[in-house]
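Colleague: Questions regarding the structure given below will be posed in turn.
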Ligand SMILES: Nc1ncnc2c1ncn2[C@@H]1O[C@H](COP(=O)(O)OP(=O)(O)OP(=O)(O)O)[C@@H](O)[C@H]1O
């Protein structure tokens, strides 16, 4: 994927948006004004631009034709203040695809980011039908992971729904993609829907589409993601967050392979494989009445439970080695491996963020590694069955103070490096030190 470009003259906003984009897994560039933005477009491939309307060197809307000339096909989202919401609408006529009114929160920003990047990816997936996530990309040799791989093979031979459960970062999406790619009959694409980030009032039309005139803003017919995934896979992440009002509609789709668009009057038939995932305890949601029991049983035809990393034994080291190999190549650093003295701590640590945390740790360690051996510090062993001892319990504030001190020691008091590791701005770090 190419880069996301953020054009805004407010430094703090540039900083937090670019961090969010990076954390979402995309590369990012920033520009403080229109000239800088055009310069970046001349030299790199940009997929999506967040463009402020009130730039110091002119109105962002006037940049749109130049941007389209330099990067045809790029998607532009305008960032507008309350006072220039009218110009935001005008920018849509100029070719921007959407706008966000300031002040907005990062959840709203992320949801726009994912929506656009996902639909761009879908377009590409259609072109690159042969790029796939094979089961071989799933690293793990422990007993439970071997069972998981067997279930993936079995699931790829049938069309029944799969329900993947597991803590955050345990590889639920990776497994869903592997099932999709291993299905020989799959001609369609893999469409991921994050039920947790879709806005409640748009979720129905995002999923099922709408007919023209279904509501005030519905100026044209729109295909929903269910239809986009036709002959392929619809991956419903965080299924526990699917609004209860939509659950009967999903049930009908699974049972009868038909659905109706918002405002539509006829049923549409569609063949789509449903894979759902959750890291929450669905039983509790069923008890609370926010998740329908009949839908749960219908989704859970093939249950697939991913174990947390702390229960995968030596797989921790296997995964670490694999990440070292690929990331050291990408980061162009020569790394020999995990320092033998650190191996025990890695095996004893409880990895609350699971494989995602391990991957991020390895990446950070490679970046700051000087000796060629990775020696992660701060990996406290998992608490014993009895839980923490009273004397180990400190306040959150004290814990933060100790950790910041540890990181500063590690970076030889280099505050920029420390702020990067802590993933906060230098200003925030300075405030905390004060
Ligand atoms: N067994 C594995 N082998 C190699 N990489 C893995 C494995 N499991 C997970 N990963 C990697 O770890 C990261 C997190 O995985 P993924 O996004 O699939 O987790 P998830 O369970 O869907 O997370 P969340 O619940 O937060 O959405 C990804 O980069 C993924 O490629």
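Just so you know, glycine gets a Cβ as well, placed from its N, Cα and C.
Sharing the record's features from TrEMBL:
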DOMAIN    3-117  domain 'Response regulatory'
MOD_RES   52  4-aspartylphosphate
DOMAIN    138-367  domain 'Sigma-54 factor interaction'
Colleague: Can you check what DSSP calls residue 52 (4-aspartylphosphate), collapsed to helix, strand or coil?
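Modeller: Its secondary structure by DSSP: strand.
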Colleague: Looking only at Cβ atoms, how many others are within 10 Å of the one on the residue listed as '4-aspartylphosphate'?
Modeller: 27
Colleague: For the domain 'Response regulatory' (3-117), give the DSSP counts of helix residues, strand residues and coil residues.
Modeller: 59 helix, 31 strand, 25 coil
